[in-house]
Amino acid sequence: MEYSRKTYLDLNIMAKYILILSLFFGPGLSWDVFYSGDEDQLSLARERRAANYNPSPHMSTWERNEIQQEILNILGLQHRPRPPSLRGGQNQFCAQFTEWSYYRTLNIDEQSGHPSETEPQPGGLASNAIYNSPDSSGIGSVMSGTVFNYTRNEVQAVSQADTIMSLPVHYKDAAIEDTEHRYRFDIGRIPQGETVTSAELRVFRDAGRQGRSLYRIDVLLLRERGSDGSRSPVYLDSTIVGAGDHGWLVFDMTSATSTWRSYPGANVGLQLRVESLQGLNIDPTDAGVVGVGNNEGREPFMVVFFQRNEEVIATNSHLRRNRRAATRQKKGGKRPRKPDTDNDIASRDSASSLNSDWQCKRKNLFVNFEDLDWQEWIIAPLGYVAFYCQGECAFPLNGHANATNHAIVQTLVHHMSPSHVPQPCCAPTKLSPITVLYYDDSRNVVLKKYKNMVVRACGCL
């Protein structure tokens, strides 16, 4: 079995992640953010949580903060998000509902973090047609009568994106020039090191508010006023709706988002324009278009799709770790920690000789975000099973060891000369991502995929 340099780097990152957990946590539940061991132990841990069981923590505040910061670093966050209280009525629920629908679309198994190979089939053709899907997530109950729509382009964008961010209307500039159909979005919180691959505006159309007519709805990009006082708006996208079209309209905003990101001063807002097929201007409200100020959870919002730049993100993560290491050194280095004799991960070597089930294998490790008090910014999942690898890679290696050729040779040499060459290590050989839905500091809803977070298979390396 051959591994590329990138694979070894990924395995190294995961090994560091597991090492951090194993240094501090074990099935003894010294801190119940993490549960490890077999299924019975996990069930017992959950029962104790349900009974408000709270074991005495073995770690100091410093160690707790270090663990939290390391996990945030793995998640690509510089600090714990602290979203402000909800502003703007029900509009935020539109964005959250959409992201939750994307979360469900990805069909993530929260226990294993493994995405299903199946994809939803919207059944439509045009990129901005309306497709309705009833809500069963629970979040949509805030928006009575609201339906969520998929487009074919959107399904593809969701599956290819590493990060998806929903942007509600920026309330500071919500009603530009006193009209509910001109609005602005704050893209200042778009993450660094990620490239915009697609962006869309979602506007709700209520079929019950208008007569039996066809309308053309255009989205225009507003620009700074010229010397004559005019804005000279730029056409972005349009769609035609009929009398029975009810739901969220989707417009392509990729070019506008790229412009705003390159030139933040150019972001002066968007405008909706509605015309009859005869070319007559129609008030958008008369055509059933819901604008700013709606308190039924149907205000316009944007969704932006990103793909990460691995090199930039890896560099930023490395720099953050170096800064934190330097800070620790200035404060006197790493704090000493008493050995945890109850932690069977830390005492793996001594335990393995007494354990008949000693071979390298995957074991359960549950990471609980609620016990980190992160539920105020993490929407889903509440936790996930990360798993870890533990066991011996001793001679002779059997077929279940999933060993590399190098590990087999190393085992033979170790068997002949154990004092000169160590045994191969039991480590992850296959990893899979998880998807996390959370609020950022501006209470934008973010859906992000994190690679190499779940151990799918273990082997001797």
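Our numbering is plain: 1 for the first residue shown, then up by one each step along the chain.
Even glycines carry a Cβ here, placed using N, Cα and C.
The shown structure was predicted, so the numbers you read here are calculated from the model rather than taken from an experiment.
Residues or ranges marked as compositional bias 'Basic residues' by Swiss-Prot: 318-337.
Among the features that Swiss-Prot reports, compositional bias 'Basic and acidic residues' is placed at 338-347.
Residues or ranges marked as disulfide bond in Swiss-Prot: C360-C426 (among others). The DSSP secondary structure for C426 (disulfide bond) is strand. In sequence order, C360, K361, C389, Q390, G391, E392, C393, C458, G459, C460 constitute the residues six or more apart from C426 (disulfide bond) in its chain with CB-CB distances below 8 Å.
Marked as disulfide bond by Swiss-Prot on the basis of similarity to another entry: C389-C458 (among others). For C389 (disulfide bond), other Cβ atoms within 10 Å of its Cβ number 23.
Using a 10 Å radius centred on the Cβ of C393 (disulfide bond) and all shown protein chains, the other Cβ atoms total 23. What Swiss-Prot lists as disulfide bond is C393-C460 (among others).
Annotation source Swiss-Prot lists N-linked glycosylation site at N149 (among others).
Sequence-distant neighbours of N402 (N-linked glycosylation site) (same chain, six or more apart, CB under 8 Å from its CB) are C360, T429, A457, C458, G459, C460, listed in sequence order. Annotation comment: Swiss-Prot describes N402 (among others) as N-linked glycosylation site.
Annotation source Swiss-Prot lists region 'Disordered' at 317-351.
Swiss-Prot lists 1-30 with the feature signal peptide, giving sequence analysis as the kind of evidence.
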Cβ neighbour count within 10 Å of C458 (disulfide bond): 24
